[in-house]
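Please read the structure below before turning to the comments.
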Amino acid sequence: VLSSADKANIKATWDKIGGHGGEYGAEALERTFLCFPTTKTYFPHFDLSHGSAQVKAHGKKVADALALAAAHLDDLPSALSALSDLHAYKLRVDPVNFKLLSHCLLVTLAAHHPAEFTPAVHSDLDKFLSSVSTVLTSKYR
């Protein structure tokens, strides 16, 4: 459960990300593909090379979904319902991959915003990403 302080940190972080969301999303995806090569199996039709237009486009989709989630912290299930359906019923993404991408996104954010990435912000973002992952995998059951 996200506290009011957690929510404030999450919203403040997403405000700081601003127009860099797509860039950070793509970088997090690249990190995920490099560190956890099995995640590439879900993207056989993508050019997964550094700077690929397809990875950049998907990174923007990831960032946009997280921005939507950050704007609807009090009702993540409704905000992410369509995305949950897509990942559970059509794409059938292994739930562990959400945790791997979340980890790589935290690393990316820490690398770009080291001063703002305090232990409290790290913890709050980790809780947020875990909540998003839980919602995205809720329809697998």
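Any Cβ shown, glycine's included, is placed from N, Cα and C.
Pulled from Swiss-Prot:
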DOMAIN    1-141  domain 'Globin'
MOD_RES   Ser3  phosphoserine
MOD_RES   Lys7  N6-succinyllysine
MOD_RES   Lys11  N6-succinyllysine
MOD_RES   Lys16  N6-succinyllysine
MOD_RES   Tyr24  phosphotyrosine
MOD_RES   Lys40  N6-succinyllysine
MOD_RES   Ser49  phosphoserine
BINDING   His58  O2 binding site
BINDING   His87  heme b binding site
MOD_RES   Ser102  phosphoserine
MOD_RES   Thr108  phosphothreonine
MOD_RES   Ser131  phosphoserine
MOD_RES   Thr134  phosphothreonine
MOD_RES   Thr137  phosphothreonine
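Other Cβ atoms within 10 Å of the Cβ of Ser102 (phosphoserine), summed over all protein chains shown, number 20. Under the DSSP three-state reduction, Ser102 (phosphoserine) is assigned to helix.
In this structure, the C-alpha atom of Lys16 (N6-succinyllysine) lies 28 angstrom from that of the residue listed as 'heme b binding site'. Shown are the modified residues Ser49, Thr108, Thr134; the one with the most C-beta atoms within 10 angstroms of its own C-beta is Thr108. This prediction places the mean pLDDT of the domain 'Globin' (1-141) at 95.
Sequence-distant contacts (6 or more apart, same chain, Cβ under 8 Å) of Thr137 (phosphothreonine) comprise Ser84, His87, Ala88, Pro95, Phe98. Per DSSP, the domain 'Globin' (1-141) is made up of 114 helix, 0 strand, 27 coil. Cα of Ser102 (phosphoserine) to Cα of Ser3 (phosphoserine): a span of 20 Å. Least crowded of the modified residues (Ser3, Ser131), judged by neighbouring Cβ atoms within 10 Å of its own Cβ: Ser3.
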